[in-house]
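For reference, the structure discussed in these notes is given below.
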Amino acid sequence: MERDERPPSGGGGGGGSAGFLEPPAALPPPPRNGFCQDELAELDPGTNGETDSLTLGQGHIPVSVPDDRAEQRTCLICGDRATGLHYGIISCEGCKGFFKRSICNKRVYRCSRDKNCVMSRKQRNRCQYCRLLKCLQMGMNRKAIREDGMPGGRNKSIGPVQISEEEIERIMSGQEFEEEANHWSNHGDSDHSSPGNRASESNQPSPGSTLSSSRSVELNGFMAFRDQYMGMSVPPHYQYIPHLFSYSGHSPLLPPQARSLDPQSYSLIHQLMSAEDLEPLGTPMLIEDGYAVTQAELFALLCRLADELLFRQIAWIKKLPFFCELSIKDYTCLLSSTWQELILLSSLTVYSKQIFGELADVTAKYSPSDEELHRFSDEGMEVIERLIYLYHKFHQLKVSNEEYACMKAINFLNQDIRGLTSASQLEQLNKRYWYICQDFTEYKYTHQPNRFPDLMMCLPEIRYIAGKMVNVPLEQLPLLFKVVLHSCKTSTVKE
């Protein structure tokens with residue numbers, strides 16, 4: 001799945017609200033988590049702690065840094081450093097990912113100005129409408145995007161395209177997407193890779209049309225991913241699990257027969273579980289009645305929670321059963337790219353009682369000012385909507401600790417991340433836990449044949465939300481968490 005861009009220096013969220021390189025003066029700087037840097041250095045004595053870093057608030061975790069001496073090319077959309085030819089034109093990773101998500105999710109944006117906003121590295125996130133408009137005007141080819149939403153274009157040789165102003169207007173208004181949907185619905189959906197298959201999830205509950213289309217794209221991607229693997233010959237080291245390649249034969253109307261879990265599947269899941277720290281979070285979250293929590297205090301608490309959760313992910317890496325199979329460089333690269341997703345996944349599952357219980361009680365004692373409410377960005381509103389939807393999905397599924405451990409490993413072993421030295425080995429490890437998770441869910445939840453794809457479809461959503469949260473200005477995070485936690489806790493109590 002495509003990863004979202006990191007926020008540009010000084011860039012803000014949507015809706016024209018300004019972003020910050022550091023917390024504003026009203027907020028205390030987050031606590032440094034230098035211990036995380038030391039912990040990662042311990043993974044390989046040869047590093048001597050000499051690593052570049054990516055900030056978490058003001059803390060650091062190691063990350064590989066591209067060579068500045070590489071040839072500099074400019075993105076035709078925003079002027080940032082280009083990384084290659086993407087969908088027909090030279091562009092950066094950020095605009096590439098933005099264009100792909102906009103087309104795959106059939107997004108329809110609005111411009112609050114005159115539809116001529118400046119596109120630059122610092123301002124590209126302020127107006128999604130004008131950003132997509134410039135992508136189309138500069139010749140980005142939406143037909144080069146794979147219809148299943150998976151990485152890799154359909155035809156890398158396709159160059160920029162020239163389309164009429166009328167067609168651009170149809171795309172920007174969403175009319176083009178509606179016409180395509182009607183076309184495919186009238187021509188059947190026998191091909192998993194066709195857009196018509198996306199209509200199959202239209203009757204699923206979702207908080208809005210954007211989430212519904214996103215869910216259908218993810219299901220289509222899941223089907224293509226599954227078919228790719230199921231059509232392959234079974235590798236020798238996977239043949240010990242005979243049930244793994246029978247998923248395509250399952251019918252929602254005819255649950256599979258009960259069977260036993262393969263001993264080696266059980267063993268690998270047990271090893272994953274042994275790596276997990278399921279003890280309650282140690283960060284104090286209890287506040288006396290009647291105390292009014294300030295924005296600065298809530299922000300500091302969120303930073304301490306993020307520090308503890310990040311520390312647990314680093315400790316988890318060192319206990320993984322495949323720890324010796326990958327290089328330290330790859331582990332550093334993987335953690336730098338997925339730490340937000342790992343924290344979000346754990347917060348929605350194994351630590352959800354504390355996050356949506358104790359932390360929700362703290363956020364309830366925080367009252368945002370009128371200015372904070374007025375300045376809240378559209379980007380933050382989208383994150384809120386998707387987080388609430390994802391919370392209810394996890395609450396409905398009641399994800400077990402074993403499923404959580406498998407999902408976490410699958411998400412972490414993302415071979416599409418740039419800078420990896422062992423992508424093929426990562427792919428094999430990813431498949432291993434993909435199959436084991438499928439084996440476990442089919443064994444334990446015999447009468448829920450759709451459970452495994454439902455679990456897997458949560459992972460792209462987590463990646464998308466984690467990427468979007470990076471673009472939310474820091475001073476808006478206390479309000480964001482207050483709204484999400486209040487909504488989720490209130491709806492759960494009503495149930």
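Placed from the backbone N, Cα and C atoms, the Cβ positions cover glycine too.
The region 'Disordered' annotation in Swiss-Prot covers 1-34 (among others).
Marked as compositional bias 'Gly residues' by Swiss-Prot: 9-18.
Non-local neighbourhood of Cys75 (Zn(2+) 1 binding site): Arg81, Ala82, Ile90, Ser91, Cys92, Gly94, Cys95, each in the same chain, at least six residues away, with C-beta under 8 Å from its C-beta. Feature annotation from Swiss-Prot assigns Zn(2+) 1 binding site to Cys75, Cys78, Cys92, Cys95.
Annotation source Swiss-Prot lists Zn(2+) 2 binding site at Cys111, Cys117, Cys127, Cys130, citing experimental evidence. Cys130 (Zn(2+) 2 binding site) carries a helical DSSP state (H, G or I). Taking all protein chains in view, 21 other C-beta atoms sit within 10 angstroms of the C-beta of Cys130 (Zn(2+) 2 binding site).
For 145-165 (among others), the entry in Swiss-Prot reads region 'Disordered'.
According to Swiss-Prot, the feature region 'Disordered' maps to 177-214 (among others).
Residues annotated as compositional bias 'Basic and acidic residues' in Swiss-Prot: 180-192.
Look at Swiss-Prot and you will find 187-268 tagged as region 'Sufficient for interaction with UIMC1', backed by experimental evidence.
Under the heading compositional bias 'Low complexity', Swiss-Prot lists 202-214.
Marked as domain 'NR LBD' by Swiss-Prot on the basis of sequence analysis: 264-495.
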In three-state DSSP terms, the structure that Cys95 (Zn(2+) 1 binding site) belongs to: helix
Confidence summary for the domain 'NR LBD' (264-495), mean pLDDT rounded: 92
Spatial neighbours, same chain, of Cys117 (Zn(2+) 2 binding site) - Cβ under 8 Å, 6+ residues apart: Cys111, Gln123, Arg126, Cys127, Tyr129, Cys130
Env. residues of Zn(2+) 1 site, Cβ within 8 Å of mean position of Cys75, Cys78, Cys92, Cys95 Cβ: Leu76, Ile77, Gly79, Asp80, Ala82, Ser91, Glu93, Gly94, Lys96, Arg121, Arg124
Under 8 Å by Cβ from Cys78 (Zn(2+) 1 binding site), same chain, sequence gap 6 or more: Cys92, Gly94, Cys95, Met119, Ser120, Arg121, Arg124, Arg131
Additional residues around Zn(2+) 2, ordered along the sequence, whose Cβ is within 8 Å of the centroid of Cys111, Cys117, Cys127, Cys130: Ser112, Arg113, Lys115, Asn116, Arg126, Gln128, Tyr129, Arg131, Leu133
